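K.L.:
Can you read through this structure? Questions will come right after.
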Amino acid sequence: MSFKDLHIISMKSFSRDMIDHVLNTAEMLEPIAKGKTKSDLLKGKILGVLFFEPSTRTRMSFETAMMRLGGDVLSLGSVDASSIAKGETLADTIRVVNGYANAIVLRHNKEGAAQLASEFSSVPILNAGDGAGHHPTQTFLDLYTIRRESHLDGLKIALAGDLKYGRTVHSLCYALSLYGAEITLVSPKELRLPADIIEDLRSRNIKLTEIEYIEDAIENVDVLYVTRIQKERFPDPAEYRKVANSLLISPELLEKAKPELKVMHPLPRTNEIDPRVDNTKHACYFKQSFYGVPIRMALLALVMGALE
């Protein structure tokens, strides 16, 4: 199974066998991610980092992943200090960076930007989030977290929060459909999962339930995946204010959950998870954040042909 020169744009491109291969590779590389051993697997390779939106975990974990494997990182830095501020197109920027890097990780505010970039790129494009579209590398780390901390086959999971604009949820739904998951969607009506995604999931014969209140699902799920309300994607601030405080995960709520329930969150969080949850056995989101390093190590090594 070869991933060499493969663009990582959407989870729709991956079979279960391909996903499992990435997860297995990440598990093999995890000791390197923890700094227990060193690696020169990507020595002499350069990762181009183009972020048109803010990021902490995705950007730093990609850069850490590249450096843990002995490679180098070439970062765009501030968009305002680049030729993009002069009107350079994304296509031209990608063509230019092709001459400098062996792969490009791209985050952009416009849905479809990663696909567009891949059409002009001679090196692999790794989509680190395209507007409200997809975030496949986050999904890989989410699946890895679930496998390490719970189980994938026959999983019962609740996805709660902003399901309309939350790109991590969009990608995760597609992947979970390959594992026969039972998915409960928890959100206000204004933030429902887009109809086209729901229709697609139902066509895959996945068990899907939509509810408005997490209290109606908390007792029965293995994993609770929480997302923040994506304030920056609301065209109308008044609409954001209507739903801003629609979800709160508290220790009191979790008393009703299974003892083995894991609470996940792609972060950053705002006020949807009470900080007191951090000290419970259910909190899994900081482990989840770390798992981004071995997963992105695996993806980088695979698309650059250092591993098969």
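Here the Cβ of each residue, glycine as well, is placed from N, Cα and C on the backbone.
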K.L.:
Return the residue out of Arg16, Arg95, Arg107 that Swiss-Prot annotates for the same carbamoyl phosphate site as Arg57, Thr58, His135, Gln138, Leu267, Pro268.
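P.N.:
So the carbamoyl phosphate site in Swiss-Prot includes Arg57, Thr58, His135, Gln138, Leu267, Pro268 plus, from the candidates Arg16, Arg95, Arg107, Arg107.
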K.L.:
Quick one: pull the CA-CA distance for Arg107 (carbamoyl phosphate binding site) versus Arg167 (L-aspartate binding site), whole Å only.
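P.N.:
Their Cα atoms are separated by 12 Å.
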K.L.:
Starting from the Cβ centroid of Arg57, Thr58, Arg107, His135, Gln138, Leu267, Pro268, which together make up the recorded carbamoyl phosphate site, report each further residue of the same chain whose Cβ lies within 8 Å of that point, ordered by sequence.
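P.N.:
What remains near the Cβ centre is Ser55, Thr56, Ala128, Gly129, Thr168, Pro266, Gly292.
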K.L.:
Including all protein chains displayed, how many Cβ atoms other than that of Pro268 (carbamoyl phosphate binding site) lie within 10 Å of its Cβ?
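P.N.:
Around Pro268 (carbamoyl phosphate binding site), other Cβ atoms within 10 Å: 10.
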K.L.:
By CA distance, which of the binding-site residues (Arg57, Thr58, His135, Leu267, Pro268) lies nearest to Arg167 (L-aspartate binding site)?
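P.N.:
Out of the listed candidates, the nearest Cα belongs to His135.
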